[in-house]
Amino acid sequence: MEEIGFLGMGIMGKAMAMNLLRHGFKVSVWNRTLSKGFCDELKEHGASVGESPAAVIKKCKYTIGMLSDPAAALSVVFDKDGILEEICSGKGYIDMSTVDAETSSKISEAVKKKGGSFLEAPVSGSKKPAEDGQLVILSAGDKGLYDAILPAFDVLGKKSFFLGEVGNGAKMKLVVNMIMGSMMNAFSEGLVLADKSGLSPNTLLDVLDLGAIANPMFKMKGPSMIQNSYSPAFPLKHQQKDMRLALALGDENAVSMPVAAAANEAFKKARSTGLGDLDFSAVYEIFKGTEPSSA
Ligand SMILES: NC(=O)C1=CN([C@@H]2O[C@H](COP(=O)(O)OP(=O)(O)OC[C@H]3O[C@@H](n4cnc5c(N)ncnc54)[C@H](OP(=O)(O)O)[C@@H]3O)[C@@H](O)[C@H]2O)C=CC1
Ligand SMILES: O=CCCC(=O)O
């Protein structure tokens with residue numbers, strides 16, 4: 001397949017680009033902050049490093065973006081040296097960041113106006129699934145671009161969905177993360193309730209894992225939460241962004257979401273106490289009423 005461009009070498013972007021390289025793809029990467037040290041590692045695996053989003057688009061037929069939030073996703077497209085300066089007929093941009101439908105539509109319209117094609121493709125799954133090529137890809141937009149990029153999606157993910165028009169991928173992702181964030185809050189409350197009422201949180205994990213609400217998230221995050229350990233796989237600031245965007249989607253559709261609203265408050269409180277760069281499971285500290293003893 002043609003060389004693939006990759007913009008945004010954060011937790012997810014770096015793992016995904018590395019995975020493409022391991023599977024024999026040629027990859028050209030770019031990150032806003034070059035000094036973060038990702039370059040050498042990726043270069044060792046054969047990546048070339050572009051000096052701007054425009055430079056990467058110019059070089060590659062297909063370019064993927066994995067940026068933190070709507071402001072970042074818009075910036076790489078519309079700002080100086082951005083995607084719009086080089087996107088043209090025959091080139092495709094695939095935004096895999098988690099953003100709202102409005103952001104995605106804005107990008108789609110601008111890219112199409114320049115003759116390019118656009119696909120939104122946010123993902124379910126975190127750092128480890130990204131490293132292992134086990135993401136769930138929620139794409140929507142240009143079906144021709146989806147078909148063309150499938151060989152790369154097959155490496156990045158265990159399943160790809162095509163959900164129709166631009167916006168549907170973003171909405172699906174926000175619904176999923178709204179449920180996940182609400183679950184993390186209920187789980188944290190339960191761990192605190194078990195502890196304060198004289199039960200072992202570890203035994204609670206064993207009981208949960210054998211019942212109808214067993215799930216990979218409780219199983220994976222529970223033991224480290226009990227150890228007050230929150231090394232970031234999915235940063236809490238991004239989970240709070242997703243709750244905020246999901247609540248806005250609820251507003252638009254007049255859907256009452258009291259559970260998600262309460263969860264959002266807890267994530268906001270966690271951010272305001274300096275936990276934003278830790279894993280989103282650090283919201284547990286808000287329910288414990290303590291500061292984390294380690295990251
Ligand atoms: N981590 C996870 O488990 C998952 C994350 N996601 C979503 O994927 C996206 C990336 O997440 P993740 O990798 O964890 O996030 P990180 O915070 O690790 O990385 C964010 C990336 O966005 C870049 N960035 C931020 N602001 C700007 C800007 N204004 N202009 C250009 N680049 C910018 C950062 O560059 P710089 O290094 O310069 O700051 C960095 O490359 C987010 O939308 C997140 O919600 C989706 C599924 C799972
Ligand atoms: O957006 C982040 C999702 C994290 C996950 O699905 O485990």
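Placed from the backbone N, Cα and C atoms, the Cβ positions cover glycine too.
TrEMBL has this to say about the protein:
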DOMAIN    3-164  domain '6-phosphogluconate dehydrogenase NADP-binding'
DOMAIN    167-285  domain '3-hydroxyisobutyrate dehydrogenase-like NAD-binding'
ACT_SITE  Lys173  active site
Quick one: give me the count of other CB atoms within 10 A of the CB of Lys173 (active site).
27
Secondary structure composition of the domain '3-hydroxyisobutyrate dehydrogenase-like NAD-binding' (167-285) [DSSP: H/G/I, E/B, coil]:
88 helix, 2 strand, 29 coil
